[in-house]
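Let me begin by presenting the structure, written as structure tokens, before commenting on it.
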Amino acid sequence: MEVVPTEPKTQIDEISHNLSFSTSNAGDSSWDKISFFRHRSRQIKRDTWLVSVFVLLQIVLFAVTMGVNDCSRNSHGHCAAKLLGRFSFQPISENPMLGPSASTLEHMGGISWNTLTKNHEIWRILTSPWLHSGLFHLFINLGSLIFVGIYMEQQFGPLRIAVIYFLSGIVGSLFAVLFVRNIPSISSGAAFFGLIGAMLSALAKNWNLYNSKISALVIIFSISTVNFLIGFLPYIDNFANIGGFISGFLLGLVLLFTPQLRHFPPPHKGKLFEDDMKRSTRLKEQFDRPVLRIICLVLFCGILAGFLLAACWGINLNRHCNWCRYVDCVPTRKWSCSDMTTSCEAMVSDAQLTLTCMANGKFRIFPYTNISQARTQDLCTLVCS
């Protein structure tokens with residue numbers, strides 16, 4: 001029986017055996033690059049437990065927030081979706097995102113000027129990134145997080161994505177503090193925008209390895225635009241989104257320097273492959289140099305320290321920027337972006353509460369009287385707006 005000798009495998013053969021490759025035409029002399037947003041069948045098989053935990057945790061926290069809000073009792077039934085009972089939403093004029101009241105958001109850990117400067121409750125910087133202003137905000141934010149977060153976790157693993165997510169949320173909250181007013185705001189979008197920034201840095205670092213780059217940029221831009229536009233609604237902080245994006249981009253350049261390559265050419269096209277990979281490798285090495293990562297790390301640490309000191313000193317940039325408030329909230333006839341520093345005169349008669357705004361003389365009669373002081377302040381803000 002004749003024994004056929006086997007040739008020793010070359011390095012190119014071993015690589016092509018372990019890594020997948022697809023071509024649209026067998027006779028084509030060029031090889032396909034990696035698609036940035038790949039089909040599920042071509043994605044790296046990794047458990048996405050981290051994103052699942054984040055999504056589940058934020059859903060539970062939103063349910064707890066609505067339970068604490070208890071619109072049916074605290075607002076005496078003047079709610080949206082009354083069939084939900086305790087979990088019904090505040091009226092659209094008060095919260096257009098179908099969510100809790102301003103006082104509930106502040107009670108659950110939202111950031112505001114008084115709580116940070118007068119009460120020195122710095123812990124709100126850690127709680128604010130996990131809250132949502134309403135049901136619409138929850139669906140949009142978590143839907144975007146699932147799309148982006150699963151991809152990033154599959155490509156770079158849960159540890160680095162967790163670091164980017166947490167730190168971007170903190171930096172975004174600190175940046176929001178510099179522009180915060182005396183109205184509760186939440187910064188859940190900061191952590192998500194951190195992943196968007198990290199995704200852009202990963203795309204830039206491996207630009208020559210991907211195809212359909214313009215399509216990937218369009219998808220990223222579209223998702224970012226939708227999430228930024230809802231930041232113009234009350235209680236959602238757009239400055240946190242900006243700070244989270246900057247943080248994520250810098251952290252991406254520091255941490256995401258080992259992308260998972262899954263497409264290689266067949267062995268008989270080794271020369272063409274080697275030439276293309278040399279160009280890709282040179283480009284990748286320019287971004288993977290330790291000097292660049294060190295510079296980005298120093299910049300991130302400097303931004304984090306600067307924002308933290310500014311928050312501790314109570315710096316308010318709104319005093320020097322009159323138009324900055326419109327970046328965070330755009331008032332319309334449907335809702336108000338006014339601060340909760342307004343004051344009202346309250347009169348109780350015949351089981352009715354009459355609130356008169358001291359600033360403009362407007363008044364409104366409510367068919368109930370037994371409400372908390374925090375809820376009275378919510379209604380006063382509506383009357384004065």
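Note that the numbers count up from 1, one per residue, in the order the chain is shown.
Using N, Cα and C of the backbone, Cβ positions are placed for all residues, glycine too.
Noted in TrEMBL for the protein shown:
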type: TRANSMEM; residues: 48-68; note: transmembrane segment
type: DOMAIN; residues: 120-256; note: domain 'Peptidase S54 rhomboid'
type: TRANSMEM; residues: 130-152; note: transmembrane segment
type: TRANSMEM; residues: 159-180; note: transmembrane segment
type: TRANSMEM; residues: 186-204; note: transmembrane segment
type: TRANSMEM; residues: 216-236; note: transmembrane segment
type: TRANSMEM; residues: 242-261; note: transmembrane segment
type: TRANSMEM; residues: 291-316; note: transmembrane segment
Quiz item: Excluding the flanking five residues on each side, which residues at least 6 beyond the ends of the transmembrane segment (186-204) place their CB within less than 8 Å of a CB in that stretch?
Solution: 36, 58, 105, 110-111, 128-133, 137, 141, 144-145, 148-149, 151-152, 155-156, 161, 164-169, 171-173, 175-176, 210, 213, 216-217, 220, 223-224, 227, 231, 235-238, 240-253, 255-256, 259, 287
Exercise. Residue list, the transmembrane segment (130-152) vs rest of chain: Cβ under 8 Å, 6 or more residues beyond ends.
Key: 37, 43, 48, 50-51, 54-55, 57-59, 61-62, 65, 89, 95-100, 105, 108-110, 161, 165, 169, 186, 188-189, 192, 195-196, 198-199, 202, 223, 226-227, 230, 233-236
Quiz item: Have the transmembrane segment (291-316) and the transmembrane segment (48-68) got at least three CB pairs under 8 Å, pairs 6 or more apart in sequence?
Solution: no
Quiz item: By Cβ distance under 8 Å, which residues at least 6 away from the ends of the transmembrane segment (216-236) in the same chain are close to it?
Solution: 36-37, 95-97, 99, 102, 105, 110, 133-134, 136-137, 140-141, 144, 147-148, 183-186, 189, 192-193, 196, 199-200, 203, 210, 245, 326, 328-330, 335-337
Quiz item: Within the domain 'Peptidase S54 rhomboid' (120-256), how many residues are helix, strand or coil going by DSSP?
Solution: 108 helix, 5 strand, 24 coil
